[in-house]
Amino acid sequence: MDIIETAKLEGHLESQTNNSTNTYTSPTEAVEEEDKNGKGKPKTLSNGLRKGAKKYPDYIQISMPNDSRNKLPLEWWKTGIAFVYALFNLILTTVMITVVHERVPPKELSPPLPDKFFDYVDRVKWAFSVSEINGMVLVGLWLTQWLFLRYKSIVGRRFFFIMGTLYLYRCITMYVTTLPVPGMHFQCAPKLNGDSQAKIQRILRLLSGGGLSITGSHILCGDFLFSGHTVVLTLTYLFIKEYSPRHFWWYHLVCWLLSAAGIICILVAHEHYTVDVIIAYYITTRLFWWYHSMANEKNLKVSSQTNFLSRAWWFPIFYFFEKNVQGSIPCCFSWPLSWPPGCFKSSCKKYSRVQKIGEDNEKST
């Protein structure tokens with residue numbers, strides 16, 4: 001009797017197993033069955049899993065978070081604000097030069113201050129023209145390079161903010177301390193003695209000529225502390241080197257020679273005191289390096305007791321411009337316009353291969 005009952009129980013279990021097998025076929029059995037028919041392929045396994053999952057959804061779907069946020073948003077409207085900021089300080093500088101010019105003492109009454117560089121190097125008349133030409137060449141190179149940058153909006157707002165801040169500092173220094181002319185060769189324009197209309201004309205003349213001697217617009221005196229020419233020569237070189245490929249060493253060397261020669265020619269021409277050039281170089285390089293260190297380091301973007309850089313007066317402005325920029329800007333170029341054919345477009349060159357693979361994965365998804 002025990003044998004008969006055991007046989008019945010095994011038959012009952014076998015029938016239940018067959019019924020469940022008829023309703024659901026495991027992927028492994030499907031593969032084995034198709035292997036017998038000579039059609040076993042890796043593709044059948046994935047199909048079996050897919051069909052089984054759809055028919056019997058006894059699983060938990062875990063949705064992975066997709067980081068769809070752009071780590072380098074362009075935000076051109078912020079670039080426009082930075083441009084207005086730089087333009088305002090540039091106009092303010094011309095106004096301040098016009099005001100300070102009225103306070104410059106005559107060179108007959110207040111001779112030039114002693115300067116060690118002038119004691120050892122005689123004045124060369126054409127040297128200042130070389131300095132201004134070098135500055136225009138560097139500005140042209142930087143403008144061309146900036147137009148081909150992929151993230152030109154982020155780089156542009158950095159340039160405009162730093163340039164505007166430097167000229168704001170220059171307005172303050174030249175206003176609080178008026179130095180006598182650095183050489184007896186200076187031919188300053190006559191004082192206007194309160195003629196507002198003539199002062200406005202001088203401001204417009206300075207703006208139209210860029211404040212350059214070779215354009216005939218540099219006729220006012222008093223803007224000696226600190227040198228605006230040194231600011232332009234230094235800042236353009238720093239941006240050219242920072243946002244160009246590292247293996248363009250020859251390009252960096254040429255730009256460095258143009259910048260260094262231009263700064264030396266300012267002193268050789270006796271157009272600025274040596275202290276003017278030193279202060280301009282120091283303030284320009286410090287502000288550039290501080291800003292980019294804070295922009296590239298996430299921890300320095302947060303105001304805290306240990307972050308002493310956040311105590312700068314311009315930190316709120318910096319945070320407004322850089323709060324959505326995650327990480328450093330890759331050296332990536334693109335055609336500035338969308339109309340040229342594809343043969344003229346070059347692929348972006350990045351230093352990080354991992355970043356390139358990440359962007360390819362984002363495009364595929």
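Every residue gets a Cβ built from N, Cα and C, even glycine.
Feature list (source: Swiss-Prot):
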type     : residues : note
REGION   : 9-50     : region 'Disordered'
COMPBIAS : 15-28    : compositional bias 'Low complexity'
TRANSMEM : 80-100   : transmembrane segment
TRANSMEM : 128-148  : transmembrane segment
TRANSMEM : 159-179  : transmembrane segment
TRANSMEM : 219-239  : transmembrane segment
ACT_SITE : His229   : active site
TRANSMEM : 248-268  : transmembrane segment
ACT_SITE : His272   : active site
TRANSMEM : 273-290  : transmembrane segment
ACT_SITE : Asp276   : active site
TOPO_DOM : 291-365  : topological domain 'Cytoplasmic'
LIPID    : Cys331   : S-palmitoyl cysteine
LIPID    : Cys332   : S-palmitoyl cysteine
LIPID    : Cys343   : S-palmitoyl cysteine
LIPID    : Cys348   : S-palmitoyl cysteine
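When the alpha carbons of Cys332 (S-palmitoyl cysteine) and His229 (active site) are compared, the span between them is 29 angstrom. Residues 79, 82-83, 85-90, 92-93, 96-97, 99-100, 103-105, 113, 146, 222-226, 228, 231, 235, 239, 273, 279, 283-284, 287-288, 291, 314, 317-318, 321 of the same chain lie 6 or more positions beyond the ends of the transmembrane segment (159-179) yet place their CB under 8 Å from a CB of it. Same-chain residues at least 6 positions away in sequence with a Cβ under 8 Å from that of His272 (active site) are, in sequence order, Pro182, Phe224, Ser227, His229, Thr230, Ile266. Taking residue pairs at least 6 apart in sequence, the transmembrane segment (273-290) and the transmembrane segment (128-148) share fewer than three C-beta contacts under 8 angstroms. Note: the CA-CA distance between Cys331 (S-palmitoyl cysteine) and Asp276 (active site) rounds to 34 Å. Stretch with the most C-beta contacts under 8 angstroms to the transmembrane segment (80-100), considering only 219-239, 248-268, 273-290: 219-239.
For the topological domain 'Cytoplasmic' (291-365), the model's pLDDT averages out at 75. Sequence-distant contacts of the transmembrane segment (219-239) (same chain, at least 6 residues past either end, Cβ-Cβ under 8 Å): 93, 96-98, 100-101, 103-104, 131-132, 134-135, 138-139, 141-142, 146, 155, 159, 162-163, 166-167, 169-170, 173-174, 177-179, 181-182, 186-189, 202, 205-206, 211, 255-256, 258-259, 262-263, 266, 271-273, 275-277, 279-281, 283-285, 288.
Under DSSP, Cys331 (S-palmitoyl cysteine) is assigned to coil, being neither helix nor strand in the three-state scheme. Within the chain, the transmembrane segment (248-268) has long-range Cβ neighbours (under 8 A, six or more residues past its boundaries) at 117, 121, 123-124, 127-128, 130-132, 134-135, 137-138, 141, 227, 229-230, 233-234, 236-237, 240-241, 274, 277, 281. Remote same-chain residues near the transmembrane segment (273-290) are listed as 113, 115-118, 162, 165-166, 169, 173, 179, 182, 224-228, 230-231, 234-235, 238-239, 263, 266-267, 309, 312 (criterion: CB distance under 8 Å, separation of at least six residues from the stretch ends). Secondary structure from DSSP puts His272 (active site) in coil.
Long-range C-beta contacts of Asp276 (active site), restricted to its own chain and to partners at least six residues apart, with a cutoff below 8 Å, comprise Phe224, Leu225, Phe226, Ser227, Thr230.
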